[in-house]
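The feature transmembrane segment is assigned by TrEMBL to B:12-31, B:37-54, B:61-79, B:94-115, B:144-161, B:190-213, B:225-252, B:258-277.
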């Protein structure tokens, strides 16, 4: 970030960072019920696509975690899949060997994702720009390589299967139509959305946004930019880990691609399509991306690449704020 | 001993290819501050053009090489004008990454549409096949050729940047673009020329390295991480840094693949992390950093 853009960003920051304005509060109140209503409507309208829609919800939680890192703390990362995959494998292994309760499995995934983010974040977050980007890629590649080699635990390139979670809350079995899975994923995403919103509005979240805008000023005010970044990285790691665990629980399988570079890159694409720094932008982007992907990739993966490539270029050139900015016309002006 | 020699030759040749491609990226990153993820796609396009020229049109290797480099440069210059010029500068890192990833996807899809998903080869001419006796040892002629071209590229770039008028203007613009513009240097033209230089180097490396980095549509995505790693380790905008980084990573990667094939990737990325730890700005702190 250059000095000039920082000024532009800080100048317009109060409109977003301070007390919520009246229309914003209205929108806030509506966001969660709207999400729930749309999710339930989709449940009734497309009963045959519950598998796909469950994957979308899981991915949305994962992209939400990337939004916390990138949109709110300004950490450019291409390695978010490391946290997602670690959470997925931790939950999967726990499900095979130890416990069956889905909520405990989510917790296991969240803790695993948070721990790996904390450990690697402490190491790599001193870098900046391209160096940091490369470090995040390298970390994710190493985690993937370890998962590939630890065949006995993870199943290696065959993937980890045999995850059979018990009934949710001891009441709802995971049925073969994926109804329980879908509703469970929807509930987890809603909860994640609300918690994430709480976090980004907290003093901690605002401090992280301060680091994104101007780390030097935060340091001058007595904050510790690196500690804030590591903390936010770990928090987002918990979200990504829970998302990974959710995918393990609902799909019953964990593959090496859950740690892959392309999964990290796709998250970035989804987030930017939706709009960074807006939590529901992450969800919007994921839904748009995964739906179009499903429709186009079914015919030919290269059609999909052409489409997403053109779409990405179009977004950057003509719609820098992402899809969310279409509705949300109060642009911040820090993305020229 | 035989293995060590093989690793050294293959590693250095591989490193030279990495250098030729990556230094183009390093120069554009150093001057325009643009993280160009489509750089690998440009190298791939040149490889495909050369392959088509050699196999489809029956041109000799040298003509195919020159034609591919020229054509790639000419074809990408409008992109500089239309797309890249909008995203120059450090503040647009995310926009750069996304725009160039999008461009890469489009090129990958286009290449697949035109040439199909199968592996393409650029047949080597008679003189580059076989081996070259070097005292008691013999090394494949193609590897020797690649190493020679790599060394020539290093020298030519050094001469271009340190000894010519263009180099002086370029270095001035890297250090302070606004001041350079105020002094009458046409930075826009300079940017276009530098972009062409970077693309040309990518094209050269893509054609020469077709034996080591096989040509298929996912080339552009598969190897870009490698090229970025070289730039990050070498330091943006530094030629010596790029060369050192490319050779180091090339040898490490080759050694990893020969000696511990099961942990090849692991070795490479672990080295990358260690190096970036020790030198967070690259071996040679780049001009841009």
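Just so you know, glycine gets a Cβ as well, placed from its N, Cα and C.
Long-range Cβ contacts of the transmembrane segment (B:61-79) within its own chain (Cβ-Cβ under 8 Å, at least 6 residues beyond either end) map to 42, 45-47, 49-51, 53-54, 103, 122-125, 128, 192, 195-196, 199-200, 202-204, 206-208.
Contact check: the transmembrane segment (B:12-31) against the transmembrane segment (B:144-161) gives at least three Cβ pairs closer than 8 Å, residues 6 or more apart, which meets the contact criterion. Here the transmembrane segment (B:225-252) has Cβ contacts under 8 Å with residues 7-8, 11-19, 21-23, 25-27, 29-31, 35, 37, 39-40, 154, 157-158, 161, 174, 267-268, 271-272, 275-276, 279, 281-289 of the same chain, all six or more residues outside its ends.
Proximity of distant same-chain residues to the transmembrane segment (B:190-213), defined by a Cβ-Cβ separation under 8 Å and at least 6 residues beyond the stretch ends, is recorded for 13-14, 17-21, 23-25, 27-28, 31-32, 36, 39-40, 42-47, 50-51, 64-65, 68-69, 72-73, 76-77, 80-81, 84-85, 88, 120-122, 124, 142, 145-146, 149, 153, 166, 169-170, 173, 219, 223.
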